[in-house]
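Noted in Swiss-Prot for the protein shown:
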type: TRANSIT; residues: 1-29; note: transit peptide
type: DOMAIN; residues: 31-310; note: domain 'tr-type G'
type: BINDING; residues: 40-47, 104-108, 158-161; note: GTP binding site
Amino acid sequence: MLKYAWQSGPKQRNRWLWHLSNQIWKRSYSSKIRNIGILAHIDAGKTTTTERMLFYAGKTRALGEVHRGNTVTDYLTQERERGITICSSAVTFPWNDHRINLLDTPGHIDFTMEVEQSLYAVDGVVVVLDGTAGVEAQTVTVWSQADKHKLPRLIFVNKMDRPDADFEKCVSDLKDKLETQPVCLQYPVKNDDGVLAINDVITLERLSWQKKDLGRSYRNVKLEPSDDLRVLQEKRNELIDQLSGLDDELADVVISTESFDNVDNALIERALRRATAQQKVVPVLLGSAYKNVGIQRLMDAVNAYLPAPEERNQIYDCFGGEIKRGMRLISARGQAEVVSKLYEPLADEYREVGAVQSGDVVICAGLKSTVTGDLLTSTEEDDELDESAELFAIDPQIPDAVYFCSIEPPSVSSQTAMEQALKQLQREDPSLRVSYDSVTGQTVLGGMGELHMDIIKSRILSDYKIDVDLGPLQIAYKETIEAPALTTQSVEKEIAGSKQSVSITLEVVKNQAELFSLDKSPENLPNLNTLRPRILQVLRKGSISALERGPRVGGQVVETQIRLHNATIGRGTADSFVMATAAQCVQKLLSTSGTRLLEPIMALQIVAPSERISGIIADLSRRRALINDVLPKGERNKMILVNAPLAELSGYSSALRTISSGTGSMTMQPCGFSSMNSVDESLAERRAQGLE
């Protein structure tokens with residue numbers, strides 16, 4: 001069976017990335033495959049690290065640099081112009097008799113869905129930390145995503161050549177902020193010439209990279225007796241002691257040996273591999289991707305410590321098989337697909353192949369209707385399809401939109417082309433919401449942030465040649481009921497000679513657990529027992545659809561449950577009529593109950609020199625912000641942790657640069673919704689109506 005995992009970039013229409021792992025089809029080479037993702041906070045050096053891997057593996061002839069716009073994995077025009085990763089990209093390269101399939105993912109919060117999709121396709125991840133910043137906001141987010149997928153991981157502490165880098169602080173952050181068990185395999189040291197070198201804990205060697213050949217070669221020299229060696233031996237003993245408490249094979253050797261010095265390096269590495277695969281520890285390595293230090297040893301660690309596809313103790317182990325050009329596949333939804341071509345990916349370049357075995361990452365051309373989360377198999381048996389879908393289908397967690405705006409084509413003749421472009425972009429990016437507003441007659445986009453919406457507009461122009469117009473960005477408020485309400489809706493009509501009649505009694509109540517329930521009180525239960533399951537489903541669907549648009553600003557109604565008391569459906573009444581009556585009843589209830597607005601709240605991390613902090617805090621106070629903490633950040637800077645309403649943060653990046661004279665930086669991400677006072681609610685309503 002073959003499981004869809006992630007879709008490639010915008011230029012590969014109908015080309016899809018697959019993760020094929022092996023239990024049924026055992027292949028001898030599958031133990032030499034590593035499917036990995038690379039994750040990080042924005043600007044931690046993730047793409048630079050990937051480019052160095054490609055260079056040292058012989059896949060590229062020159063070093064790709066983000067600031068020069070010549071990277072392999074950041075190939076979109078928008079990525080090269082902005083110097084950020086927007087779409088996940090796949091690259092494949094050999095390293096020391098292994099094959100590494102790597103997915104380079106975005107670090108910006110607006111594109112977190114790209115990370116979520118990519119993690120379905122990998123067996124382990126490398127998390128890159130900025131050695132000068134430690135664990136940052138998006139680091140915590142991607143770490144949580146990896147936790148959800150139970151992925152083994154390595155840490156690469158980057159930028160350790162910089163004078164303000166702090167390795168010990170990074171390790172402390174891993175323990176405190178990520179609540180993990182880091183095991184340091186390397187420690188930073190400066191050579192006599194002041195250049196970054198690495199002391200290896202397991203081998204007790206010093207590793208020094210050569211500038212003259214762009215870091216292609218490095219020297220590993222056994223440390224002579226010295227303070228450095230003594231400290232490193234203590235670190236090695238601590239590593240053995242920690243691993244022996246987690247691995248029985250190593251523990252048996254430790255018990256029988258006279259000294260930790262006698263423990264073989266290969267035995268330590270095998271124990272570390274097992275502990276990493278079981279997610280008991282996280283190996284920590286270091287280097288400087290930009291200065292070409294430490295990358296080869298990072299790739300060695302990927303081969304040594306991250307699992308092969310067949311070693312994952314996950315549902316992926318049950319997927320296996322072979323995919324060939326021209327193969328016919330069936331989705332769990334019963335749709336047939338034909339694989340017209342197969343490609344081995346290198347970002348936006350491809351090498352066509354005839355077939356691939358389980359464990360490989362490939363791009364498929366020709367799939368017309370496959371979307372994120374689909375399961376494809378070669379079987380056409382309904383029972384097997386149903387069982388496969390139940391056991392293995394992916395259910396991506398799509399984040400709520402925080403902004404929305406209208407989108408208009410340049411002319412009526414471009415409307416269909418725009419709709420097709422949006423449909424394709426949604427297949428690639430499920431966090432993009434597209435809806436039709438029946439009141440205004442406009443197509444409405446929902447997205448994760450200002451940058452997200454800007455990129456969508458840019459891609460429609462560059463990839464589909466449609467110069468669309470976006471309306472002003474609006475905040476994606478939500479609504480919740482003020483008080484419970486109960487009403488009965490009775491409707492009778494004759495449509496095309498057929499009598500349609502529905503009478504239903506519904507109630508809305510405060511509830512966060514489920515959207516729709518039955519009132520099984522003694523007086524209502526006999527009536528509810530007469531309703532067929534299909535009618536109950538129709539009533540549920542119609543009722544819930546009305547919660548998508550609240551009465552005040554058209555926001556989604558949340559923290560609300562619809563309770564069905566009774567229903568009487570006339571013979572021959574169409575399902576669509578029943579559904580519409582249920583929706584009208586809920587809309588009537590929402591108007592009767594009244595709703596309160598909930599506004600999106602953002603969590604910010606702001607770093608600035610200490611002398612600028614008071615001015616920044618004063619400005620935040622005017623923005624209805626809640627200051628959670630102010631922490632030291634290095635010798636001269638401080639970090640402000642703050643929650644603030646999204647509505648107050650329009651243009652805040654520019655404001656921060658002005659207040660801090662260009663010395664401040666910030667990151668922000670959604671952290672939930674909060675109720676509003678009546679004054680702010682009135683202002684939000686006026687903004688939604690275009691009066692502000």
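For all residues, glycine too, the Cβ spot is worked out from N, Cα and C.
On the structure: features taken from Swiss-Prot.
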{"residue": "Ala40", "record": "GTP binding site", "DSSP class": "strand"}
{"residue": "Lys46", "record": "GTP binding site", "DSSP class": "helix"}
{"residue": "Thr105", "record": "GTP binding site", "DSSP class": "coil"}
{"residue": "Met160", "record": "GTP binding site", "DSSP class": "coil"}
Do any residues at least six apart in sequence from Met160 (GTP binding site), in the same chain, have a Cβ closer than 8 Å to its Cβ, and if so which, in order?
-> Gly131, Phe167, Pro188, Leu196, Leu286, Gly287, Ser288, Val293, Gly294
When the number of other CB atoms within 10 A of each residue's CB is tallied over all shown chains, which of the binding-site residues Ala40, Asp43, Lys46, Thr105 has the maximum?
-> Thr105
Summarise the model confidence on the domain 'tr-type G' (31-310) as a single mean pLDDT, whole number.
-> 87
